[in-house]
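Record features, source Swiss-Prot:
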type     : residues                               : note
BINDING  : GLN192, TYR220, ASN225, GLU241, ASP301 : S-adenosyl-L-methionine binding site
ACT_SITE : CYS326                                 : active site, nucleophile
ACT_SITE : GLU360                                 : active site, proton acceptor
Amino acid sequence: MNLPIERYADLLAEKAKNLTALLVPFNPPELEVFESETSHFRMRAEFRVWHDTNEVGENELYHIMFDQETKQRYRVEQFPIANHLINKMMSSLLAEIKGNELLTRKLFQVDYLSTLSGEIAVSMLYHKKLNEEWQAEAAALKARLEHQGFKVQIIGRATKQKIALDRDYVEEVLPVDGRNLIYRQVENSFTQPNAKMNIKMLEWARSCTRHSSGDLLELYCGNGNFSIALAENFRQVLATEISKSSVQSAQYNIEQNGIDNLQIIRMSAEEFTQAMNGVREFNRLKGIDLKAYDCNTIFVDPPRAGLDQDTLNMVQAYERILYISCNPYTLAENLRQLSLTHRIERAALFDQFPYTHHVESGVWLIRK
């Protein structure tokens with residue numbers, strides 16, 4: 001797999017041109033463009049595993065991917081968009097499990113989750129039930145990889161089954177504006193794929209909100225990626241999340257980073273709106289006085305579909321809106337309504353996914 005590194009600047013310029021054109025109707029300021037590293041920028045990767053027999057009858061294992069156009073599989077020895085740690089682990093893992101029936105039989109996929117801090121989680125997916133024998137072999141594999149210098153976690157997954165030998169997460173450390181922020185990242189949960197671009201996004205969000213007054217509300221905060229970084233800029237932060245594992249990670253991250261003004265609530269945006277408006281009462285809110293919060297800034301990072309109409313109406317009521325988008329077209333659609341009441345103070349492109357058409361962007365909106 002060869003990357004068109006020599007074309008990176010042109011590809012990024014094309015993304016910036018297209019995003020600028022989408023934002024023109026809303027009279028934005030000049031677009032801030034944040035470029036990625038040109039290789040080894042991705043912190044996670046997933047590969048199917050192909051089983052074959054060589055010319056002398058030995059079983060062989062390969063990482064494979066599928067061509068998006070032809071659907072043909074191709075062998076992956078090295079993966080230049082993934083960080084160096086993943087590439088090193090790819091070859092070491094296959095070398096260590098080759099010929100091991102317990103670890104290779106019905107193994108169909110391997111997922112890698114790595115960090116800038118040097119930790120890596122390897123999730124091995126099987127079409128079979130995993131037993132104590134598998135667990136013993138996996139523990140021996142972990143020990144051999146650790147002997148090679150890897151800080152590794154091994155997780156086995158099968159239908160309705162998950163075995164983590166030690167733990168099912170890695171701990172990332174991100175240097176943000178001169179401070180190291182600690183984030184627990186659970187395997188098979190969402191994390192920002194381009195860690196160094198994530199740092200740029202966090203620093204940009206912090207710079208937008210630096211002189212804020214009042215409190216911040218974040219919808220669907222995940223493991224607290226943004227809310228932890230932004231907490232310093234606000235009196236209090238209230239964040240919602242529906243995933244139980246993400247809430248647990250967020251609570252851990254809050255404690256590890258010494259944040260004392262951030263409250264995570266496990267509920268949906270719709271439920272939170274009902275609670276704020278006094279429509280319903282929730283046991284999950286016992287001990288939390290919503291009236292004590294003065295949330296005049298809201299942070300949203302919606303899925304590709306953008307904000308639904310009800311959430312859009314709710315967001316529009318806030319004085320300041322920080323909107324991170326993974327789909328510029330739905331961002332532009334949402335801005336048709338938001339621009340009636342708010343102006344774009346700042347706009348940015350974050351090249352989270354080089355060499356693809358995917359665009360990550362951010363707008364900082366202030367009420368007119």
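Numbers here mean position along the shown chain, with the first residue as 1.
Just so you know, glycine gets a Cβ as well, placed from its N, Cα and C.
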Among GLN192, ASN225, the one of these binding-site residues whose Cβ has the fewest neighbouring Cβ atoms within 10 Å: GLN192
Alpha-carbon spacing, ASP301 (S-adenosyl-L-methionine binding site) to the residue listed as 'active site, proton acceptor', which is rounded to whole Å: 10
Residues satisfying Cβ distance under 8 Å from GLU360 (active site, proton acceptor), sequence separation of at least 6: MET197, MET201, ILE324, SER325, CYS326, LEU349, PHE350, ASP351, GLN352, PHE353
Around the Cβ of the residue listed as 'active site, nucleophile', the count of other Cβ atoms that are within 10 Å: 18
Least surrounded among the binding-site residues, given as GLU241, ASP301, when other CB atoms within 10 Å are counted: ASP301
Chain-internal residues, separated by at least six, CB under 8 A from TYR220 (S-adenosyl-L-methionine binding site): THR240, GLU241, ILE242, ALA269, VAL300, ASP301, PRO302
In three-state DSSP terms, the structure that ASP301 (S-adenosyl-L-methionine binding site) belongs to: coil
Cα-Cα distance maximum in Å, computed over every pair in GLN192, TYR220, ASN225, GLU241, ASP301 that the record assigns to S-adenosyl-L-methionine: 16
Cβ-centroid neighbourhood (8 Å) of the S-adenosyl-L-methionine site, GLN192, TYR220, ASN225, GLU241, ASP301 excluded: PHE190, GLU218, CYS221, GLY222, ASN223, GLY224, PHE226
